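Chemist: Following this message is one structure expressed as C-alpha cells.
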Amino acid sequence: MPAVGGMDRGTGKAYPGNLTPYVTVTCIVAAMGGLIFGYDIGISGGVTSMKPFLNKFFPSVARKQADAAKNKTNQYCQYDSETLTMFTSSLYLAALLSSLVASTVTRKFGRKLSMLFGGLLFLSGALINGFAQSVWMLILGRILLGFGIGFANQSVPLYLSEMAPYRYRGALNIGFQLSITVGILIANVLNFFFAKIKGGWGWRLSLGGAMVPALIITVGSLVLPDTPNSMIERGQHDEARMKLQRIRGVDDVHEEFNDLVAASEASKLVEHPWRNLLQKKYRPHLTVAILIPFFQQLTGINVIMFYAPVLFNTIGFGDEASLMSAVITGGVNVAATLVSIYGVDKWGRRFLFLEGGVQMLICQAVVAACIGAKFGIDGNPGELPKWYAIVVVLFICIYVAGFAWSWGPLGWLVPSEIFPLEIRSAAQSINVSVNMLFTFAVAQVFLNMLCHLKFGLFIFFAFFVVVMSIFIYFFIPETKGIPIEEMGQVWKNHWYWSRYVGEHDFVPNGGVEMGKAKV
C-alpha cells in the first residue's frame with residue numbers, strides 16, 4: 001500500500017469479456033447525452049456577446065458596452081448585470097433540483113427513462129428559447145433546459161460505467177465528457193457564423209439549435225438497451241443474463257452476473273438510500289460525491305467556457321475575434337479530451353488529476369500576470385498589441401487542455417464508478433447536484449467578480465487548483481482496472497479511509513454487509 005492515495009488492485013478479480021462492437025456503439029450513442037450539456041455551455045457565452053441579442057433583452061448591458069468603447073472606461077465591468085447572469089445560471093439551479101428527482105426515476109424505472117425525460121425537457125426549453133420575445137421566456141426556457149440536463153447528467157455516466165467492461169470503463173465513460181466538449185465546439189462554431197446573419201436574428205438559431213442534440217438523446221434513449229445492473233434491480237434476471245452475455249461477447253458471465261445479483265439483493269435491503277449515505281462506511285463515497293464536483297467547478301473552467309466570447313471581448317478582442325477565439329479553445333477542448341480517452345486506463349486517474357492541476361495552475365498565473373500588466377486596476381488597457389492577444393489565447397488554450405484531459409472527464413468518471421449499487425443513484429444525484437450548485441454559483445457571480453476582483457479572479461481560482469490537487473494526492477485512491485462491484489476494496493486498503501470502512505463492510509462478492517444494510 002502506498003503512503004498516500006496510491007494504487008490498489010482491489011480483489012484481483014478479472015471478469016471475462018471483450019470490447020464488443022455492440023457495447024462500443026451503445027456507449028457512443030449513450031454518451032451523446034453530453035451534447036445537450038456541452039451545447040448549452042458553449043451557446044450561452046456566444047449569444048450574450050451578440051449585440052442584437054443584448055439590445056433586445058439586456059439593453060443596459062449594451063449601453064455599458066457602448067460607453068466602454070466610446071469613453072475607454074473600465075473594461076472589467078461592461079457585462080456586470082444580475083439579469084444577464086441569471087439568464088445563464090438559472091439553468092444550473094433547475095438542473096440541481098431535477099437531479100434529485102432523477103435519482104428516484106433512475107433507480108426505480110431504469111437509466112433509459114431518465115435519459116428520455118432529459119431529452120424531452122431539453123427539447124421543450126430549446127423551443128421556448130428559440131422563439132423568445134421577452135426575458136421571462138428566456139428564463140423559462142433555461143429552466144426547462146436545466147431540468148433536462150439534470151436527468152441526463154444523472155443517468156448517462158451511470159449507464160456508461162455499468163455497460164462498459166471494467167478494463168475499458170474509463171475510456172468509454174469519458175465519451176460523455178467528449179460529447180460535452182463536442183457540443184461546446186459546435187455551439188462556438190455556430191455562434192461565429194450565426195452572428196454574421198444580417199437582420200440580427202442569428203441568436204434565435206443559436207438558441208433553437210439546441211433542439212438537435214435534444215432529439216439525439218431522445219431518440220437514442222428509445223433504442224438503447226438498459227444496463228444489466230438496472231434490469232437486475234427491477235427483477236428481470238433472465239433478460240439481464242442474456243444482455244450481459246451480449247455486451248461482454250462471451251457466454252461465461254456466471255461470476256460477474258452472480259456478483260451483480262448479490263449487489264442487487266443487498267441493495268434491496270436498503271429502504272432509505274439517502275439516509276444510508278450517512279453511514280460511517282460510506283464516508284469516503286459521500287466525501288468524493290461532494291468534493292470532486294465542488295473542486296471541478298472551482299478550477300475556473302466555466303469562466304472560460306460559459307463566457308469565452310465575453311471574456312475575450314473584455315480583454316480587448318473585437319466581437320468577431322472573440323467568437324473565433326472561443327472556437328479555438330473549443331477545438332483544443334475536444335482534442336485534449338481524446339488524450340484522456342487514450343490515457344485514462346493506461347496512466348490512471350491520479351496521474352491525470354495531478355498533472356492537469358499543475359498545468360492549470362501555471363496557466364492561471366500567466367494569464368493573471370498578462371491581464372494585470374495590461375489592464376491594471378482601472379481596466380483601461382489602451383491599445384493592445386497583437387502578440388499580447390496571441391499569448392493570452394495560447395495560455396488559455398493550454399489551461400483548457402489541462403482541464404480537458406484531467407478534471408473535466410475525471411470529475412464525472414471517478415464518482416460514477418466508486419458507488420456501490422445500493423447507494424449508486426442517490427450518490428450520483430448528490431454528485432450532480434453539487435456540480436450544478438457550484439456551476440450556478442460561479443455563473444451567477446463571475447461577471448460581478450470580474451468587475452471587482454479584476455485580474456485577481458484568476459488567482460482566486462488558482463488557489464482552489466492548489467487545494468484540490470493536494471486533496472487528490474492524499475485522499476483519492478487509484479481506481480483504474482478495478483471491476484465496479486469490487487470497488488469497496490480500495491477504501492479498505494487506503495491509509496486514511498480504512499478507518500471508516502471495516503473489513504466486512506464491502507464483501508468480495510460485490511455485495512454489502514447484510515446485517516447492517518437495513519436502516
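Note that Cβ sites are derived from N, Cα and C of the backbone, with glycine treated the same way.
What TrEMBL records for 26-480 is domain 'Major facilitator superfamily (MFS) profile'. Look at TrEMBL and you will find 19-39, 89-106, 113-132, 138-160, 172-195, 201-224, 286-310, 322-344, 351-375, 387-408, 429-449, 455-476 tagged as transmembrane segment.
What does the local environment look like for each feature on the list?
Modeler: Packing against the transmembrane segment (19-39) from elsewhere in the chain are residues 115, 118-119, 122, 145, 148-149, 152-153, 155-156, 159-160, 163-165, 167-168, 172, 175-187, 209-210, 213-214, 216-217, 220, 223-225, 246-249: each is 6 or more residues past its ends and has a CB under 8 Å from a CB in it.
Counting same-chain residues at least six beyond the ends of the transmembrane segment (89-106), those with a Cβ under 8 angstroms from any Cβ of the stretch are 40, 113-114, 117-118, 121, 139, 142-151, 153-155, 158, 425-426, 428-429, 432-433, 436-437, 439-441, 443-444.
Beyond its flanks by at least six residues, the transmembrane segment (172-195) meets 23-24, 27-28, 30-43, 46-47, 50, 156-157, 160-161, 163-164, 202-203, 205-206, 209, 213, 305, 308-309, 319-320, 323-324, 326-327, 329-331, 333-334, 337-338, 340-341, 344, 404, 408-409, 412-413, 416-417 of its own chain at Cβ-Cβ distances under 8 Å.
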Chemist: Quick check for me: are there 3+ Cβ pairs below 8 Å between the transmembrane segment (113-132) and the transmembrane segment (201-224), leaving out pairs under 6 residues apart?
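Modeler: In this chain the transmembrane segment (113-132) contacts the transmembrane segment (201-224) - 3 or more Cβ pairs sit under 8 Å.
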Chemist: Should anything in the same chain at least six residues away from the transmembrane segment (351-375) have a Cβ under 8 Å from its Cβ atoms, list it; otherwise answer none.
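Modeler: 75-76, 299-300, 315-316, 340, 343-344, 381, 384, 388, 391-392, 395-396, 398-399, 401-403, 405-407, 410, 454-459, 461-462, 465-466, 468-469, 472-473, 476.
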Chemist: Given a Cβ distance threshold of under 8 angstroms, which distant residues of the chain, six or more beyond its ends, lie next to the transmembrane segment (201-224)?
Modeler: 26, 29-30, 32-33, 35-36, 39-40, 43, 46-47, 50, 52-53, 112-113, 115-116, 118-120, 122-123, 125-127, 129-132, 141, 145, 148, 152, 159, 183, 187, 190-191, 193-195
Chemist: Same chain only, please: residues at least 6 beyond the ends of the transmembrane segment (138-160) with a C-beta under 8 Å from a C-beta of the stretch. Say none if there are none.
Modeler: 27, 30-31, 33-34, 36-37, 40, 57, 86-88, 90-99, 101-103, 105-106, 111-112, 114-115, 117-129, 132, 169, 172-173, 175-176, 207, 210, 214, 217, 224, 227, 412-413, 415-416, 424-425, 428-429, 432, 435-436
